Amino acid sequence: MTSPAHLKIRNVTRRFNVNGTALTALDDVSLDIKAGEFVTIVGASGCGKSTLLRLGAGLDVEHDGVIEHGGRRVDGPSLDRGIVFQEPRLFPWLTVERNVSLGLENAAFSKAEKRELVSEQIALVGLSGFEKAYPHQLSGGMAQRAGIARGLVNRPDVLFLDEPFGALDAITKARLQGELQQIWAAEKITMVLVTHDVDEAVYLGDRVVIMSPRPGRIRQIVPVDLPHPRERTSPELAAIRNGVLDILNGTTGEAPKPVTRPSAARRPAASANPIHAAHRTKPARPAFSTTEI
Amino acid sequence: MSVLAALRTQNAVKIRRGLTLPVLLLIFWEAASRSGLVDARFLPSLEDVFLTAKRELVDNNLFGELAASLFRNIAGFVIGSAIGVVFATLLALSRWADALATPSFNGFKQISLLAWIPLISIWFGFGEQAKIVFVAIAAFIPVVLNTYEGMRNVPGDLIEVGRALKFTPVQRVTRIFLPAAMPSIATGVHLGLIYSWLATVGAEYFLAVGPGIGGLIIAGRERFDMALVMVGVIILGLVGFLLNRLAAAGEAYLLRWRVTAH
């Protein structure tokens with residue numbers, strides 16, 4: 001109350017009208033995020049975590065309650081709030097360079113400054129040498145790097161990330177998580193990341209917001225008081241991850257139990273989401289994602 | 001290197017196969033007119049056609065006629081497709097304009113182009129102007145249809161990116177809608193180019209006689225000079241073929257960002 005939160009979400013409720021019936025996606029959600037904080041939001045499908053992100057970014061403004069950024073009401077998108085989507089959403093007719101510079105299209109920089117910022121940003125996400133490539137020539141990981149660069153190039157106050165690594169393979173995912181953490185540490189941009197991967201949530205977040213579905217509510221907020229950059233395999237991190245998984249289990253009753261040594265045989269088959277269940281039965285699933293819910 | 005060589009031979013085979021039928025037809029044509037199978041007055045020999053072409057080229061102004069037709073074609077095409085892109089953009093992006101004008105356009109496009117000729121000739125006279133208007137209408141219709149379709153299918157994901165990046169309405173059109181619809185627009189413009197060349201000849205046939213390839217063919221008919229008619233027909237075909245290739249090359253260049261499909 002004394003220190004104003006950078007991003008303030010107070011008693012936010014969002015209802016959708018699905019075929020005439022009202023569906024409550026978010027029910028009385030309140031969350032304060034400090035400047036420079038890395039907050040991750042994790043929860044099962046349908047818990048409203050992406051809805052919350054879209055509301056925070058201002059892409060959706062149909063809600064009850066208050067959302068404020070820097071003391072001002074969020075009533076639409078703003079260049080102070082960047083967003084990275086699950087799909088890279090690059091413009092296929094533009095090169096990587098031009099796609100990234102879209103983030104500066106309406107920013108108050110000179111042409112020369114923009115060019116410099118774009119090439120800096122491309123170097124930061126490790127795409128140097130691919131400036132002139134078209135999106136169809138990039139791998140999934142490279143395209144997502146370009147999407148992140150586009151969201152970051154304007155140096156927004158807050159960057160919202162909506163399952164940015166959800167569609168990537170485990171190795172690329174781990175590498176990009178590390179790079180995102182470095183960028184965050186270097187640039188001190190507030191980051192809000194939505195994910196369904198518990199490992200990712202505890203590895204990146206200063207706080208992990210756990211949400212429960214139907215209706216979408218914040219179940220618990222777990223602080224991760226470990227210095228960045230973190231060791232993926234550290235026992236402290238594993239303990240926190242297991243704690244988060246326990247809480248998540250309570251939200252649906254069906255989420256998988258924590259697995260310390262991943263093995264296909266011990267993996268539970270039942271899940272609230274048939275898609276995830278289908279994935280889980282595949283024995284070839286990479287060991288990294290056993291804690292995805 | 002071997003891949004390149006293989007491609008070259010593959011291409012050569014393709015061209016050879018494409019030429020087989022025309023060459024056979026030419027041989028049959030020549031044989032038919034030489035052997036007296038058909039009356040040479042109705043189907044002149046190749047030699048006759050060649051000599052007529054040479055005569056028209058050297059003694060008469062064949063290039064002038066061709067230039068007149070091409071000018072009409074390009075002028076009408078440019079006017080029709082430019083108006084078409086603007087009109088279709090308006091229809092696709094404004095719900096109000098869409099509700100107001102799209103049903104009328106759908107009725108309009110069903111009317112045969114030839115039905116417009118009496119009206120066009122009354123409104124615009126019998127001269128160059130009327131012909132260009134006729135060609136413009138021919139190009140307009142496919143351009144509108146395809147541009148509209150393309151604009152309607154712009155992915156919502158990309159529109160949302162524009163929203164997040166605070167694009168102005170103008171930026172939304174120039175940075176998202178036009179480029180995203182470009183494949184469809186290119187198809188429309190390509191069709192418009194073909195239609196406008198067909199319409200150029202139509203305009204020359206049905207509106208007053210003036211310089212142009214259509215006029216040349218009419219002159220050939222009136223003088224019962226079938227060789228001259230054939231020269232005209234062959235030129236129409238060749239120009240149409242070249243315009244088509246030109247459009248395809250332009251399309252490939254504009255859409256080079258797409259995944260190349262074979």
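Backbone N, Cα and C define each Cβ position, glycine as well.
As annotated in TrEMBL, transmembrane segment covers the listed stretch B:203-220 rather than the other ranges in B:23-40, B:203-220. Below 8 angstroms of C-beta separation, residues 73, 76-77, 80-81, 84-85, 89, 92-93, 135-136, 138-147, 149-151, 153-155, 158-159, 161-162, 167, 236, 239-240, 243-244, 246-248, 250-251, 254-255, 258 of the same chain, each at least six residues beyond the ends of the transmembrane segment (B:176-197), sit close to that stretch. Sequence-distant contacts of the transmembrane segment (B:70-93) (same chain, at least 6 residues past either end, Cβ-Cβ under 8 Å): 101-102, 105, 128, 131-148, 151-152, 173, 177-178, 181, 185, 188-189, 192-193, 196-197, 199-200, 203-204, 212, 239.
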